[in-house]
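Visitor: Before I ask anything, let me first share the structure, which is written out below as structure tokens.
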Amino acid sequence: MAAFSEMGVMPEIAQAVEEMDWLLPTDIQAESIPLILGGGDVLMAAETGSGKTGAFSIPVIQIVYETLKDQQEGKKGKTTIKTGASVLNKWQMNPYDRGSAFAIGSDGLCCQSREVKEWHGCRATKGLMKGKHYYEVSCHDQGLCRVGWSTMQASLDLGTDKFGFGFGGTGKKSHNKQFDNYGEEFTMHDTIGCYLDIDKGHVKFSKNGKDLGLAFEIPPHMKNQALFPACVLKNAELKFNFGEEEFKFPPKDGFVALSKAPDGYIVKSQHSGNAQVTQTKFLPNAPKALIVEPSRELAEQTLNNIKQFKKYIDNPKLRELLIIGGVAARDQLSVLENGVDIVVGTPGRLDDLVSTGKLNLSQVRFLVLDEADGLLSQGYSDFINRMHNQIPQVTSDGKRLQVIVCSATLHSFDVKKLSEKIMHFPTWVDLKGEDSVPDTVHHVVVPVNPKTDRLWERLGKSHIRTDDVHAKDNTRPGANSPEMWSEAIKILKGEYAVRAIKEHKMDQAIIFCRTKIDCDNLEQYFIQQGGGPDKKGHQFSCVCLHGDRKPHERKQNLERFKKGDVRFLICTDVAARGIDIHGVPYVINVTLPDEKQNYVHRIGRVGRAERMGLAISLVATEKEKVWYHVCSSRGKGCYNTRLKEDGGCTIWYNEMQLLSEIEEHLNCTISQVEPDIKVPVDEFDGKVTYGQKRAAGGGSYKGHVDILAPTVQELAALEKEAQTSFLHLGYLPNQLFRTF
């Protein structure tokens, strides 16, 4: 308790932490908690299982509690920040809703960006919900630009998401990253008219008074959202006219200037100079902290940690909510209506609730992106940017938005780019460094060579069902084709997985497969061996964890594995990131991952908490043809076995190349063992029992002491001689030195 209290953690949280047997903070917690409590943005990286969740959860809970306590007691923050409310009272481009290199003149109408490599955008201070409206834009030079309309959710890069409509100088209209020919090109001295008919749901443009025709029909999901004038520039200058001055080309057909729009049609921007009116008012659906997780399992795990940490916090109590798919939305909405302080969720459902206004982000003080590299690799960068754009950078009490990013790979280009965009001078806490295999993990490779091990020929039909990639190919023995060897690899891997379990008498292991169908097939093969989900205690009892299983089943399967009801968890990489599974003695990689970082994530499941673990990877020596779905159904009902380059959904998978990349990444050569999977005892560890703690000190420590003993004795003799000499100099009758 004292260790956490010394970092400034409040006693109520420290007491809860002590009950969890956390006597001392981990390295990542000791570094990050004071930084976050101090108000800074933090980028943190540490090994899986190092306490990253606690490192951000503890300070977030404390600051949210302190904020609510201040509000309860009527305290106000000391702030000298200008509200910028006067900006919202006139039609102009919004200085609080623009890119970092986007300049706005003193009149609020003349805009410029001189960045030659990047696009920078801006939105107006007001938007519209009803009516037929028009504004003009004049081009002052020959730079590139797009003009049009967007919602508050849209990216400032107009036309690159589903919330904005743009028309560019190259004669292209753009929406949701789709650029189509429209109208004609425009450049310096041209005037573009931007028309919006909300009642009909139409957007169109004109050039120098020439009507270019219908450009877009507003989709249903945007019908109830305000649309704001918007633009994006690359080394260009524009001037807007919202109707305060006379139009060069006045609109017809009942379109009116924005400046003449009735007040009832107008919506003011949420970006109002950092202190929004809504922030001072209690909104039940406006949390103080938002934590985004890449998977439902991680979200549930984080929420459980928050519940444990806040156990003794009272007056006011903190209210948390889990927002994930697969759960009835009405249950989540009813909790939102009653008030919530901390939200933990996954991007899909969060996006739905934010876009429909059910979840309000106007009071968020903390934005936490857990496993950020996983979020980015799943394609959620646009969602993150949209969400960040909707959160005020400074709250009404003068506190700045804090952004915390946790990632297994901080040094990836995408994570660095994201941090530059949404974080404010972040502190990097990197206790992970380059990927490496922990000392407690013994990892080996088993080559799967169908040319030397002909077992697959003798099995007949009593083998694992394969993934039907070769359903239309001749894979019978004797064909000697790449397809035959590929099918043989699939069969052998099923046999080797069973052999590894029997050879090492595995009582618990995580088995990673590349695809969901591979997981299902291996589970079915274990059922044929007498095991399966319902055979508790059987040598091959197992459960599956992947995206096609129902949420309730996934949660139940994970719990059954943790409790030891079944021995094996067969999963895709969904379980490789952050899921709280401790001390698993074995991991089997049926197929190597296509991303080398995921190899470290996978084998990081074993050997935690000083327990020894063994990771066995089955690596094909020949290329294997595998599914790689690029179809819209993402594999559901797809049987297109042609190669990707031929318009199909398969690729040739080269595991030997992947193995060399992993070895280069880890700067080591991974030991190989024979197909009998008898793993020689590691010479450093002596006798090893996987899953048990290494003997403290070990035999190697004794040898180390023996080597150092003569040197230590010599140092002791020199120290004694020096001390004796000093005493003689100080106390001899004829002292040579005396202190006067």
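Every residue, even glycine, has its Cβ placed from backbone N, Cα and C.
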Visitor: Which one of Lys268, Lys596, Lys702 gets the tag N6-acetyllysine in Swiss-Prot?
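Guide: Going through Lys268, Lys596, Lys702 one by one, Swiss-Prot annotates Lys268 as N6-acetyllysine.
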Visitor: Out of Lys130, Lys252, Lys281, which residue gets the SUMO2 cross-link annotation in Swiss-Prot?
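Guide: Record lookup in Swiss-Prot returns SUMO2 cross-link for Lys281.
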Visitor: Any idea which of 198-201, 370-373, 518-521 is down as motif 'DEAD box' in Swiss-Prot?
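Guide: Range annotated as motif 'DEAD box' by Swiss-Prot: 370-373.
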Visitor: By the record in Swiss-Prot, which of Lys126, Lys239, Lys310, Lys693 is the one labelled N6-acetyllysine?
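Guide: Record annotation (Swiss-Prot, N6-acetyllysine): Lys239.
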Visitor: Rounded to an integer, what is the Cα-Cα distance in Å between Ser481 (phosphoserine) and Glu47 (ATP binding site)?
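Guide: Cα to Cα, Ser481 (phosphoserine) and Glu47 (ATP binding site) are separated by 43 Å.
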Visitor: Mind giving me a neighbour count for Gly49 (ATP binding site)? Other Cβ atoms within 10 Å of its Cβ, every protein chain shown.
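Guide: I get 19 for this one.
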Visitor: For the motif 'DEAD box' (370-373), what are the same-chain contacts with Cβ under 8 Å, counting residues 6+ beyond its ends?
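Guide: Those are 52-53, 56, 291-294, 298, 302, 405-409, 412, 414-415, 418, 577-578, 597, in sequence order.
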Visitor: For Ser50, Thr53, listed as binding-site residues, tell me which one has the smallest number of other Cβ atoms within 10 Å.
Guide: Ser50
Visitor: Just name the winner among Lys239, Ser481 (the modified residues) by count of other CB atoms within 10 A of its CB.
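Guide: By the 10 Å Cβ neighbour count, Lys239 comes out on top.
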Visitor: Here the recorded positions are Ala46, Lys268; which one has the lowest number of other Cβ atoms no more than 10 Å from its Cβ?
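Guide: Least crowded of the recorded positions Ala46, Lys268, by Cβ count within 10 Å, is Lys268.
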